[in-house]
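Copied over from Swiss-Prot, here are the features:
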type     : residues : note
TRANSMEM : 16-36    : transmembrane segment
CARBOHYD : ASN54    : N-linked glycosylation site
CARBOHYD : ASN71    : N-linked glycosylation site
CARBOHYD : ASN101   : N-linked glycosylation site
CARBOHYD : ASN197   : N-linked glycosylation site
CARBOHYD : ASN399   : N-linked glycosylation site
TRANSMEM : 486-506  : transmembrane segment
TRANSMEM : 547-563  : transmembrane segment
TRANSMEM : 616-636  : transmembrane segment
TRANSMEM : 651-671  : transmembrane segment
TRANSMEM : 687-707  : transmembrane segment
TRANSMEM : 715-735  : transmembrane segment
TRANSMEM : 738-758  : transmembrane segment
TRANSMEM : 762-782  : transmembrane segment
TRANSMEM : 813-833  : transmembrane segment
TRANSMEM : 853-873  : transmembrane segment
TRANSMEM : 887-907  : transmembrane segment
Amino acid sequence: MEEKRVKCKKKLTSTIGTWKYIQACIFFAIILISNFYGLKSFTDGFLLRRAVLNQTSLCENPPADVREWKNSSGCWAPKIFERAVIVIIDALRYDFLIPYNDSNYYHNAFTTPYETSVLHPENSYLTQFIADAPTTTSQRLKGLTTGSLPTFIDLGSNFAGTNIDEDNLLLQWKSLDKQIVLLGDDTWDVLFHDYLNETLSQPAFSFNVPDLHGVDNKVNQYVFDYIKDANFDVLIAHYLGVDHVGHRLGPDHPTMRDKLNQMDRCVKEMMDLLDDSTLLIVMGDHGMDNKGNHGGDSFDEINSVLWMYSKKPTFGYLKQPGKVLSANQVDLVPTLSLLLGNPIPYGNLGTLIPEPFYYYGDEYLSKAQKINIGQLNRFFSEYDLDASDFLSSSVHKNNNSYLDQYFLDFDYARDAFSYFKAIWAEFSLFPMIIGFLLLIIGGFNLALLMQDKSVIFRMSANMAPSVMKCLPVCLILILANNELHSPFPAEFYVLLPSFYILLNSFNQKLMEYFKGFVKLDYFSIFITFLHVCSFGSNSFTVWEDRLCHFLIITIGLVMFCKCFSEMSPLFACSTYSALAFILLQVISSYVTNCREEQGAFCVSTYISTPDNSLRTLIVLALMALSSIILPLILQLHLRRVLGLSLKLYHLSILYFFELISSIFWIAHHVFANDALLEKQYHHVLYSLANTYVICILGVLIWQFFLLSRSKFAKINVIERSYFVFALLYSFLSFLQRPLGHLSLFSCFLQILLLIQLKQWQPSVGHNFFSVTLGLLGLSHFFTTGNQAAISSLDWNFAFIHSKSAENQAISAIFMFLHTVGAPILTCISIPLFSFEPLSKKNRFLINLFRFSFSFILYNLLISTSTVFFAGFFRRHLMVWKVFAPRFMLSGILLVTHQLFVLIQCFGSSVVKFPEDAE
């Protein structure tokens, strides 16, 4: 009976203890949620969407009075063509069509447009076609049909497009009962489904990057018969093969030449089938860089091409002194509108491409431009009522010749375009300031808690009062805010609980607070200060990969010197670990994927396209070797540091997953260099990938279940934690290319070395190691082929599990894990730093919370710095190329780290430690 009562008492004590830990986790979550709202508030003010006007241009309401054209065949101007065939070749760069004396595969393969323009200039017009970032397909189609400028934040809708709700070309054609037929890229169907002829249209899934020919073959199956039958008014044929070859293999690959040759043959056949009343337009929606990407960072990524062809003479070339033959993509909208006889969409910002109108004389061109200017002025007046001074600059003088007046109107239209690009970069300062303050307060809260040795007791004690006092007040204020239509955003009210927590935590004297620091903690503060300040310089931000390597090597040297100051029995082991840490970082620093701004000062060594070079084969061999030695190294680490060892079946499971990973990437290399093998056996890769993912997720779920439900001895908890960490590393490394796999393996080894140094140098505080860990994750973010630039994303990992990415959620998860694999790896290693020999659960959780606070604080300071400088330099020339992408990366990493840290804290609170198992 007595024994039963003791067991019940222990069980009750354990339950109360677990609830106390969960309360501490909830309190921690409140702080992290306030950080999230800080990022959200700043983002809402910084990345604004432009206002969309609902007005629509009407046929009976022309913007300018051109009396001679009142009874013409078109709405506002005479119709020149009855039908149009619009051929979009995705990612078709301008120089792909221009002859070059070199051996690049993408040159001299698509020659028909250039040759026709040279031989028959009155029938053919070829020009550069300049896109505006963002250069995702969805945003480019919006620009090509509305004549407007999608904003930076609209980039994300490329993967979840919605119907366009502003005036556009397809709406205008539909209002005139024109039959619009789509073949190819289904992005058109997502954006303009209501306007398309459902019977004739044949949309094709667009995100299947590994499929180089499927969409193009489907287009060719119908397009030639449709042109021959002429049962359409507007035929849109959107080819994707060039874009997919660029993404998968890069532009300078034999497959690109084959694809461009195919496009050349298609265009020739279309030309033969045209009649005199049909206009053929061939264009790209954007270009690509030398790796096949098109984020919009470089000129090659926005430098597309436009070619127009007609069997009847149509084009007259206007001599403009000092003007290069080029057009903005928005210029197609008014040009195509007047050529086909429909109104120009209301929100258009483009100006006429002069050549199709100048063929009919300078008077005709001037009158057409007058309509364009009238449309621009009408939109201008509606959108910005304070623009009267600017509107008066469009002056029509009676003594001007038609051509002189055209040039005046052309310059005016270009100025209007530039003006709107400027005003759509306006920012809302109030939510930006609120967001910045929330991040600052969150930083103070974490800084105060990380030095508190009774942190779990304090957090669990403060959780209930914080919620009870702040929640009702916040709810009342938010409801009042909605009723009174207050300008304050909801994030403003998150300041209240954050500020309350700060005041409640600020109960230590300042000197007592700093007494908790050790010497190397001050050095880590100095390193953090340097990193935080570096974001004030666009050069340091661009070269952040080198800066991170420098800071980590500096930290390694300090650890090496620290070993000499404490001549302990483990002196030799500590020095060897510090030297190995430095050596691994030096080797990793040679793996880099350059960004455009680094120019000729950087040479990319990251292998993104597999080939049969000796370097690639060596990397594959080293990757296989790392898979073999990984379990052995983990076993050696456990024995040396904690006197433990992995069970045989744990080692066998690790070997199994590492073997599958190596086989997958070796097979991937073989198939990538043999098109015939890939065609026959590509399904083998997808089977391997899916087998790997399903099995490793099953093992991970099994291990988490055991840790939360079973009663283990202390050594089993630690051993299983290391096993789970190794499994997660294996999963993340599987989602890397071979060289990225080696970089992540280096990161894994460096984490183990840091754990050794922490155990063997107990006088070094946890703040030092948490800052080192944060820097290490960021450093290997760069060595795994990434940069703080959209163009560095490797989209192939969205298709690692399947030839089709119709399940976009799974594809997005794989892309995310590939991109931020290294920062995630360092984050999930935090519990391993919290274990101490013979420590109990309470001690482990205190270590875990304090280490987590310090780790999140470092990342929060980085995010706060990028937030501040992105806001401070919001008018800087490089804001959208340097400061904004870095702020977005910091925000993503901070949210990711907070999520994983919370999961770890909640999970650790329910792990069965030995004192629970008695």
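All positions are counted from 1 along the displayed chain.
For all residues, glycine too, the Cβ spot is worked out from N, Cα and C.
Values in this document were obtained by computation on a predicted structure and should not be read as measured data.
When the alpha carbons of ASN101 (N-linked glycosylation site) and ASN197 (N-linked glycosylation site) are compared, the span between them is 44 angstrom. Under a cutoff of 8 A between CB atoms, and with a sequence separation of 6+ in the same chain, the neighbours of ASN197 (N-linked glycosylation site) are GLN179, ILE180, VAL181, PHE232. Sequence-distant contacts of the transmembrane segment (651-671) (same chain, at least 6 residues past either end, Cβ-Cβ under 8 Å): 610, 616, 620, 623-624, 627-628, 630-631, 634-635, 677-678, 681-682, 684-685, 688-689, 691-692, 695-696, 699, 723, 726-727, 730-731, 733-734, 737-738, 741. Compared over the glycosylation sites ASN54, ASN101, the count of CB atoms lying within 10 A of a residue's CB peaks at ASN54. Sequence-distant contacts of the transmembrane segment (616-636), counting only residues of its own chain at least 6 positions beyond either end whose CB sits under 8 Å from a CB of the stretch, comprise 607, 610, 645-646, 651, 654-655, 658-659, 661-662, 665-666, 669, 722, 726, 729-730, 738-739, 741-742, 745, 748-749, 752. In this chain, the transmembrane segment (813-833) lies in contact with the transmembrane segment (738-758); the count of Cβ pairs under 8 Å, excluding pairs fewer than 6 apart in sequence, is at least 3. Sequence-remote contacts of a segment are chain residues at least 6 beyond its ends whose Cβ falls under 8 Å from one of its Cβ atoms, and for the transmembrane segment (762-782) they are 450, 517-518, 520-521, 523-525, 527-528, 531, 544-545, 548-549, 551-552, 555, 559, 562, 566, 585, 588, 592-593, 743-744, 746-747, 750-751, 754, 820, 822-827, 829-830, 833, 847, 850-851, 854-855, 857-859, 862, 893. Ranked by Cβ pairs under 8 Å to the transmembrane segment (813-833), the stretches 687-707, 715-735, 853-873, 887-907 are led by 715-735. With a threshold of 8 Å between CB atoms, the same-chain residues lying at least 6 positions outside the transmembrane segment (715-735) that come near it are 630-631, 634, 638, 642, 644-647, 650, 653-654, 657-658, 661, 664, 692-693, 696, 699-700, 703-704, 706-707, 741, 744-745, 748, 797, 800, 814, 817-818, 821-822, 824-825, 828-829, 831-832, 835, 911-914.
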